[in-house]
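Undergrad: Grabbed the feature section from Swiss-Prot, which reads as follows:
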{"type": "BINDING", "residues": "GLY709, PRO710, ASN711, MET712, ALA713, GLY714, LYS715, SER716", "note": "ATP binding site"}
{"type": "REGION", "residues": "894-914", "note": "region 'Disordered'"}
{"type": "COMPBIAS", "residues": "899-912", "note": "compositional bias 'Pro residues'"}
Amino acid sequence: MATIELHAWYRQYRKLKEEAADAILLFRFGDFYETFDDDAKLIAELLDITLTRKEYAVDKRLPKDQQKLYAPMAGMPYHAVDRYVSELIARGYRVAIAEQLSETEAMRNDTRPRSVYAAGLTPVESSGKMVQRAIVRVITPGTVIDPAMLPDRTNNYLAAVIVEQGKVGLAYADLSTGEFAAAEFTDARALMQLQAELARLSPAEVLVPDDEALRLPNLEPVQARLSQDLAPLTKEEREALLPHERVARRLEGASAASWTQGYVTEWPLWRWELATTTEVLCEHLALPSLAVCGLDGRPLATRAAGALLQYAQVTQRQRVSQLRALRVYHTGAYMLLDPQTRRNLELLESGGRQGAKASLIAVLDRTCTAMGARLLRRWITQPLIVIEPLQVRQHAVARLVAETMARLEVRSALADLPDMERALNRIAQGITVATPRDMTQLRAALRKLPAVAQAVQALLPDLLAAEMPGEPPLVFDVCADVLDLLERALDDDPPALLGSSNYLRAAEEGGERPRRVIRPGFDQRLDALIRASRHAQEFIDRLESKERERTGIRSLKVGYNQVFGYYIEISRAVDAKLIPAHYERKQTLVNAERYVTEELKYYEGLLSDARLKLVDLERDIFQRLCDELQPHLDRLRATIAAVARIDALAALAEVAVRGRYVQPRLRTDRVLRIKQGRHPVVERTLSEPFIGNDIDLDGEQAQILIITGPNMAGKSTFLRQVALITLMAQIGSFVPADEAEIGLVDRIFTRIGAQDDIATGQSTFMVEMTETAALLMQSTPRSLIILDEVGRGTSTYDGMAIARAVVEYIHDHPRLGCRTLFATHYHELIALERELPRVRNYHMAAVERDGRVVFLHELRPGGADRSYGIHVAELAGIPPEVIRRASALLADLEGQRPPSSPAQPPAPPAPVVVPAQETGQGMQLSFFDLAPHPVVEYLRRLRIEELTPLEALNRLAELQRLAGQG
């Protein structure tokens, strides 16, 4: 005989918890989502929620006053759950939602007065009958679909990656928008392509097989990445951390070499089997074979796509009908951008304090809709390298630039257009996901579409033209029939959630009509039920005045609470003789008595029955409405794609007009010619006019520009400016310049700045050399290379030798010959112009006025003659005594050697063997003995302009220390 009796609800909770052992389980209890046991302790700490307790069992072995057992409990109101779940997901947790399967069934089982449901309240557990619950979805970082939990203007991708014998299968999807795509990489660049794609997508979650042979060290799951951290713990301590704490610590344990910042999840190997994934995809997409969608002959892409689809189905607990079409793509039509280049060019995020505000997308994103913003973001992160689609896009932007009124009108029509893409995808999943709010947003968007179409009617053929060969043009269908259906079905201002309507109360005179989901007249059954039941509500509404008049008790009032339902309240000061005999006492208060009557209970029952039926009927009608929209989903998605493109194109046109951008001429050769180009981001932040600069590169005469000049003169800005103008041209945008001719590039490589990678034990110089090696190995003649101060992380001569060798390799190697900008402080490299025919010298100009340096920010032909390092040190706030001493040393050193001309740079000095002075302390060098001495000769040969600012400061500090000793 069991001595511990678990309550029925707790047995149900334990069973559901076993289904979602690796997730926090939110268990619906009436108006709250509750958590219990370890989950409760966790969220109480994480979310600052009060930790309480709830009786879950009786232990009859204990004394009677100690038999009740309590479980820790913490919960949140159902209407605020999105905020709490968002925070948990952001911390890396998985959240399982256990809902009551049938609200009306729960109502029927509830022992409270049935009148509580007339006010729209949800049920609680009864002691006799248990409400059935089930996990309706598991929310993970990559499967979020609720708009309240997602950023409006960015995608939330779930990705799946499988690697086998150097070949890669990749699939990704956004469950909130319905985007679903797959690719397979099989050549020698497969891993490089995967890394670039993961950098582009920035998935919130990446699925990998639970077999180490089929995944990369760069994509280790959480458990593997934390194994080292957990190893020192005892078994009990490790178990105490699982399953939640290991997830919370995922970022601490994540490998710095990981190719994604998203959550990495293991998915069982059998889910990746080719036979399984093929069957799942064909069944879901209703295809006779995978050849129809382009997956035939791509087994790894098939396995990745099928595994992802199964994961989505399992977490959503249903068919993910929003994933209706799979796009198989090839990276050959797009520019691959590695993570370093994306970071260096600050496409989506700046490394500075301004973050996204100082990025390229902050300049270009003038879209009016969330759909357009997401599309423009994809364009920026995936530039085209084929001229035909670029010309189509560029021509559309040009039309909108020229047609001012059309551009202004369409942007006005698009303003405040709801995110119909995400709303439609929730509707596609039916009543388990869709809400009246989604229907309302779709209706509001459809109402605005005729104005959008009218504004650009004459331009639609250009705006919606097919970009890729073989693709049909986009179609703009205002879907008037769908709008008509929604107008007839939905009330003017429906509540956000089902079950919140009040159908039984008529509009008060001069007041607003109560909110309801379904419009009167749409469904005859609903209207008939409302008419038949409304007199019960009207009776209760009139009861107070009726009873006052009948009894003569002026203080009598009719009230309601959740415990007792409707009641008649009479002050205890009233003479008991005035109280009718048929009044049944229900509750005694300090100053009043509460009563019910048979008549009141009868009408209260009618009202409760009506509420039950109305909730069921409303859900049925809403599901029917979702079903009626299913045949129109493809039309609506096509219209959404058209709206997104029009919005993105209009945004680029608006930026072009406001920024005085020009239409670049696109070419297929290696010309890169820009006249008075400007940095699009820096220009926007300056209060004074930006100083433009020219560049003229090609593969025949001027392939490599060596750019010298002082720090702060604008070299790095110019390098990024050229790369950004090129990238902008290859998304179809106009560019910030007076004129531009852009020979399309297949890749942009940047080596700008570096820092120690402490987590992987790599120094600044190692990081720099690794990145340089990658670009030298991966570049092609059509690439654009941007190099800034290669070799600065090591000794002067080592760095100079490496820098020169890199330039020679790019110039001479038959596989390369690509356009290159090479900024350097090694002035000796300007001699390469005489030795290599396709090298040209340029410098960022600066002049000295009244002892102060003025940076002109102008790119001029020829090499620089000075670095102005001491002036930069002064601007940085170096103490005046250090600046004075450095100036004296520089003057002395410059006086000991003949001046050099930029046109005739001296060869690097030969190494000097410096003998040691044998002292009791070992070898000691004298830096300040001005008598002829090998150390002095060494100093005379030292060239200050060759030093980076950091190296110069280190030398100065050492000199100052030695001077103080002497």
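Backbone N, Cα and C define each Cβ position, glycine as well.
Give me the lay of the land around each of these features.
TA: Summarising the environment of ALA713 (ATP binding site), the number of other Cβ atoms within 10 Å of its Cβ, over all protein chains shown, is 26. In this structure, ALA713 (ATP binding site) belongs to neither helix nor strand by DSSP; it is coil.
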Undergrad: Cβ neighbours within 10 Å, counted over all protein chains: which one of the binding-site residues ASN711, SER716 has the most?
TA: ASN711
Undergrad: Can you name every residue in this chain, apart from GLY709, PRO710, ASN711, MET712, ALA713, GLY714, LYS715, SER716, with its Cβ inside 8 Å of the center of the Cβ atoms of the recorded ATP site?
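TA: Going along the sequence, the neighbours come out as MET844, ALA846, PHE855.
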Undergrad: Among the binding-site residues PRO710, LYS715, whose Cβ has the fewest other Cβ atoms within 10 Å?
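TA: Sparsest of the binding-site residues PRO710, LYS715 by Cβ contacts within 10 Å: PRO710.
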Undergrad: Suppose we draw a 10 Å sphere around the Cβ of MET712 (ATP binding site). How many other Cβ atoms does it contain, all chains included?
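TA: The answer is 19 other Cβ atoms.
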Undergrad: On a simple 10 Å Cβ count over all chains shown, which one of the binding-site residues GLY709, GLY714 is most densely packed?
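TA: The largest 10 Å Cβ neighbour count belongs to GLY709.
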